[in-house]
Structure formats: C-alpha cells, structure tokens
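According to Swiss-Prot, the feature NAD(+) binding site maps to Asp71, Ala72, Asp73, Tyr74, Asp75, Ser121, Leu122, Glu153, Arg176, Glu213, Lys330, Lys354, an assignment based on sequence analysis. The active site, N6-AMP-lysine intermediate annotation in Swiss-Prot covers Lys155 and rests on sequence analysis. Residues or ranges marked as Zn(2+) binding site in Swiss-Prot: Cys448, Cys451, Cys466, Cys471. Look at Swiss-Prot and you will find 627-708 tagged as domain 'BRCT', backed by sequence analysis.
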Amino acid sequence: MRPWFSSVARRLALGASLGVVALTVIPNLSCAARSVSVAETESLRRLELLRVEIARHDDLYFRKAQPEISDADYDALKQELRELESRFGRRVPRDPAALRDMGDDRVSGFPKARHRMRMLSLEKTTTESGVRAFDQALRRLVKPPAEIAYVVEPKFDGLAISATYEEGRLVRLVTRGNGEEGDDVTAAAGRIRTLPPRLAGAAWPRVVEVRGEVFLTFAEFERINRGRRENGRPTFSSPRNLAVGTLKSLEPEDREVRQLDVVFFGLGAIDGHAAPASQTQLLEWIAQWGLPSVEDARRVDSIDDAWRAVQELGGRRSHLAFPIDGAVIKLDDAVGQTAAGVSEVAPRWAIAFKYAPARVGTRVRGVALQVGRTGVITPVAELEPVALAGARITRATLHNASEMERSDLRVGDFVWIERMGEIIPAVVAVDTAQRGTVSAPFVFPRDCPGCGALLVRALDDANWRCTNDDCPARQVRKVEHYVSDEGVGIRGLGAASVEALVRSQRVREIPDLYTLTAAEVTAHTRLSAAQAARVVDAIQRSRKAPLRRVIAGLGLPGIGPAGANALGARFADLPQFAAARESDLQQVEGLRPESVRALATALSAERTQQLLARLAAAGVGAQSATADAGTLAGKEVVFTGTLPTLSRRRATELVEEAGGRVADRVTAATWRLVAGRNPASKLHQATALGVPVIEEAELLRLAEAAPE
C-alpha cells in the first residue's frame, strides 16, 4: 500500500466496517475478474470499494454538505481509482461518473429548473506542473497563441449558483445541480443580503444568467457560532456547510441570524446584449449592473505571472474575509475561450488550483470519550495546544473506535492535524516514527463514562454504545437536541442549564420540561430569576410547536428534518403519530424502507409510547386543533425582508399557532405577503400576482397576537 494513502485506506476500511462499502458487484466486473490473475483479485476489490466510497463522499459533499474527509484525501481516492482503471484497461468497464469533476447538488423538496446554458464545473490541479500543462494545452487550442493573457481569481468555497435576470429583475435562482438542471432556490433569495432584486442602471441585457457562488463570511460564521456557544448549542462545522444548509433549508430562516453573501464571476445565457469581449470586461459589467463582483481578480500576461499571483493569493488567504480553497486561472480573451471550447464538464480555457489544507503537527495528551444521545461513544483527542490557520487547536475528533484501532493512535503519539474545509480540525496521520519506546494501544473502557453501564459493540459496528436509556449523559444530549433549533426551539435553555437540570434529576426525560417552574430553574441552574422566567415562557410556547418540529426534536431512529416534515404533514397530532403502525408509515412520502422499519420499531417500544403520551398530555403536538380553530386556518403566508420587532422564527410560530402555514415562495395560492425592511424579489412577485402585501402590525392584528 502506498504510504501517502494510509489515512485514506483507513477511511475506506472504516466505511467497509460500517457496511457502507460492502462488496457490491459492478456490472461486468465479476466477468472481468475471470480474466485476471489471482494476484489482481485484491486490486479489483479495491477498485470496486473506491467507486462506492467516492459515490458516498460525493453525496455527503454535494447533497448533504457534510463532508467526512478532507479535499486532499478525496482527491487521493480519485487518483488511485484512475490508476487502477488504467492498469486494468479494457478488461474492466470504466465508471465515468466516479471520476467526473462535477458533482450533483440536487436534493428532494425543491422544484427543478433547467439552465438556459449548461453550467459547468472546473478542471482542478494541485501542482505547478499541472498549471503549466494547462497553459501548454491551451496554446495548442488557441491560434495564434502569442496573445494569451490570464485572469486570476479567488476560488470561493461555497455553493455554485446561477441567477437569471429578465428586464433587470431577478426571476430565478438555481443551484448548479448536474449542470443541466438544478434546484430552484428562488424562494430563498431573501436570505442572501448582497443579492439585489433588480439590476442597477439600464444598460443590462434583456435576459442574462450570471454565475457565481453563495458563501458565508468568516465574521458572520463566527458571529453565528459565538451566539450558539453562548446559548450552549452545538456549533456549525464550516462556512460552506452552513451556507449550503441555510440556502437549502426548507424552514424559513431569519436573515438577521444567518446572512449569506454572493459573488458573481461568470456568464451563462445572454439575450438582447452583446457578449463581453473578455473576462475582465465581464467582471466590469457585473459590477456596473450592481451585482457583487470579484474584487481580488488580477489580469496577468503570462503563465509565470499567473503562477505568482496564485501563490501570492495563497499567502493571503488566512487574512481574507471569506473562505477560499484555491485560485482560478482563466483565459481573458473571449475569442480564445470560444476556440478552446469545453469538455463534458468544464471549460478548457480555465483551471482551478486547489491549495493544500493547512497542516501542523502536535502530540496527543489524552483521549476523552463523549456520549451521544443515541448512546454512541465518540473518542476525541486532547492535544498539546497548536496554532492552525489562525486558531488555537486543543481537541480533534477521532471519529470512532474502529478508526482508532486502524490508525493505532496512542496517547503521546505525534499526529498531523488538518482543518477540513478550513474549519474542522481532524487527525489525518499518526507519525509512528516519533513514537516513544514505551507506549500502549488505547483500550476502550467497557463502562460508559456517563453512567457506568456496560458498553456494547456489534461485530459490524464501528462504535461502542451505551444501551442504558436512563444514562444521564444521553438524557442531556436528548434534551439538548429537543430544545435546539433543530427541535422545538426553546430559547435561553443552553447546554449548561440542560445538564444542570438533568444532573439534579429534576428533568429525567423531555416531558419533565413542561412541569418546570421558574423557581426550580433558578434553583438548579445559574440563570437569574428574569432569565428563568423567560425560559419557562419559551417552554410553554413550545407546546404549540408544529408536530413536525416536535418529531424532529425527539430524534427518533431514521428520521431527519425531511422525514419529520413528511410525518408532520401526514399525521394530525401526536397521539395519531404514536398510534401509527409500519403499514401507516409506509404510506408517508419520502421515507426510505429502512427508516420506516427503524421508526416502527421505536414506536412499538413501551418507553417511546409512554414518552409520547406524556408529551400529548402536556398539550404538545396538538396541531390539528390549532389548525382548525385558528384565525389564519388554511391560509398561506410568505415573509420578505426584516420585520421591526419579530424574529422570522417567532413570526412563523405566530402564523402556525393561528392555524396558517408559512411558504418560501409567492404563488397564486399565497394569502398575504408580510414585508419588512429591505424586501427581496418576492415583493415584485406579489405585485405581479395581485397578492396583498401587509406589514408586521397587520399580521399581529390578524393573528390576534402580540410581539415578544
């Protein structure tokens, strides 16, 4: 095995242990195996594992925005697959999808829209020789090659987006998807603070598709995480993941809470206007149209100057206000771009240079074990403090027991740390050459660190698990999840307060929250009387949370946000949901068979039934009564802009408590558009469709409610 690939190999082995990369026969691969020697059988198996693992990581990165490995490790997977496919030649059918440089970010729950012009990705390289090879190939395509100038731009680390403006008005916002069609996220345009609903001036095309990237600045990312830390909530892993999650959330978001940005640097279809003569002119036009453009672009006259610009930008990236993961080199001249043409997935006149992730070495002081709400035990390396990309790193995840065993990580080892996505610190390699003469493999304890119960681990499981449902550590995590924004959203009840309430045994399970008094909260936590009163008020309001949010907060097996939404739409209230059988769950659109089985098993458990019954008795999840009797029963409301006194979440709660529903898009079915400061394109859509527009005060009157 290649030494440089050891960390990737461990992850592949981990995937196999999880059952994710079980040996699934690729069409004709078993036949091909008959024509190879016994010595090549293992290589064939590895080739198959690589294809499955790459597909899994594509899904995690492009669709779920939850990458598990660094870009460098991902690129290494693809490189080894290329080498194996090359070695076997025609004896093994190739899998073009596994090696495509363009993923597919389309997910369920969004309408699809076709791009007027195909939206491409970029070829990538990580070496200077790759950059120079690109230059040589381009010179063979562009005649004459003497006048070749380049534009070097930052490679923003966000979500690729295409905005269509017709007659100067924003009419469509679409993700790249598979290049031909993407997810229509026009309804979320208001979440991007720098995206104008209208172009500036008048010298714009009749129709134009502008391409760019939606991202989150480091300052905004840190502001969001700082607030979550102060409230005891889990922090987000990276700006890119949060940007993708915010734009593609099916829940209405408060723009004051998560403020996205966008930058444009490319062009799709253009009608009623001459095409730009160069990339430089395009960037100038984008700025003249009032759109955010690339400010750090640099025009250079040679590949030598381009390489110097790439290196200089790399040296400044830790000081930039936004995340980048590379630099893009583009041929400036539009005529030359046309001559160079495009491949299946990328233009031949541009290339992205990916920067190596920041890496530092340090020693492992110890290994801490964290207990999750499902009982999974996660090992975390406690490190000698080290600076990495401007941050002080003291801890890094070790993923699970299987990964630790395969890496043979030991206390005292010298390890290499990288920041995945420039944010998440991860142990990527163990330097055994620096290991002391006296060391011992880490042995997982057999007792739960949270309750002392015996830990168990199935043969095919990568994790040790605590099976004690009454484990205080598990209960803390369960309650934390329930009160979080992913659940019913009880503001002011942070991790420290939840832990104090559970440790004091005043809160043993989630339903105990609904019997808390302000005096008890004050007695068992560090909250003041005023803070405790607000917490109890928030708890009482959460009784009216929609069923979908209650289900999401319970964290039932196999059910994520999308599944909770589907279940909330299917069942009238919590008792009806509790009574659901497997045959009922099979009728819920969007639930996978394995999720149905896991949920049916959970609902059949006496403990689950008791918990749901207690919640129902507390008046939780009784959405049908509210929906039938509310002043907004059956009415659809859409929000745009920032409201004067209500957060977007609270405004949504008011509508739902009054029996209405909140949508992200203005359609003919919209009852009212509630407009605040800085409204987005929804205001124009409402005017065009004849939808009445009201302000917050009118909403409060109609909902017969008052602001917080």
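Each residue, glycine too, has its Cβ placed from N, Cα and C.
Keep in mind it's a predicted model, so treat the numbers as computed, not measured.
Within 10 Å of the C-beta of the residue listed as 'active site, N6-AMP-lysine intermediate' there are 23 other C-beta atoms, taking all protein chains into account. Figure note: comparing Cβ neighbours within 10 Å for the binding-site residues Leu122, Cys451, Cys466, Cys471, the maximum is reached by Cys466. With Lys330 (NAD(+) binding site) as the anchor, the candidate recorded positions are Lys155, Cys448, Cys451, Cys466, Cys471, and the one with the nearest CA is Lys155.
When the Cα atoms are compared, Cys448 (Zn(2+) binding site) and Lys155 (active site, N6-AMP-lysine intermediate) turn out to be 45 Å apart. A strand conformation is recorded for Lys155 (active site, N6-AMP-lysine intermediate) in the three-state DSSP classification. Cβ atoms within 8 Å of the centroid of the Cβ atoms of Cys448, Cys451, Cys466, Cys471 (the Zn(2+) site) belong to the same-chain residues Val371, Gly375, Pro449, Gly450, Gly452, Ala453, Leu455, Thr467, Asn468, Pro472, Ala473, Arg474, site residues excluded. The average per-residue pLDDT of the prediction over the domain 'BRCT' (627-708) is 77, rounded to a whole number.
A simple way to gauge crowding: the CB of Asp75 (NAD(+) binding site) has 16 other CB atoms within 10 angstroms, across all the protein chains here.
Within the set of recorded positions Asp75, Leu122, Lys155, Arg176, the entry lying nearest in space to Cys471 (Zn(2+) binding site) is Asp75 (CA atoms). Cβ-based neighbour count (10 Å, all protein chains) for Asp73 (NAD(+) binding site) stands at 21. Note on proximity: among Lys155, Cys451, Cys466, the recorded positions of the record, the Cα nearest Arg176 (NAD(+) binding site) is that of Lys155. Put simply, Asp73 (NAD(+) binding site) is 31 Å from Cys466 (Zn(2+) binding site) when counted between their Cα atoms. Put simply, Leu122 is the one of the binding-site residues Asp73, Asp75, Leu122, Cys451 whose Cα lies nearest to the Cα of Lys155 (active site, N6-AMP-lysine intermediate).
Considering only the binding-site residues Asp73, Asp75, Leu122, Cys451 (Zn(2+) binding site) has Asp73 as its nearest partner by CA-CA distance.
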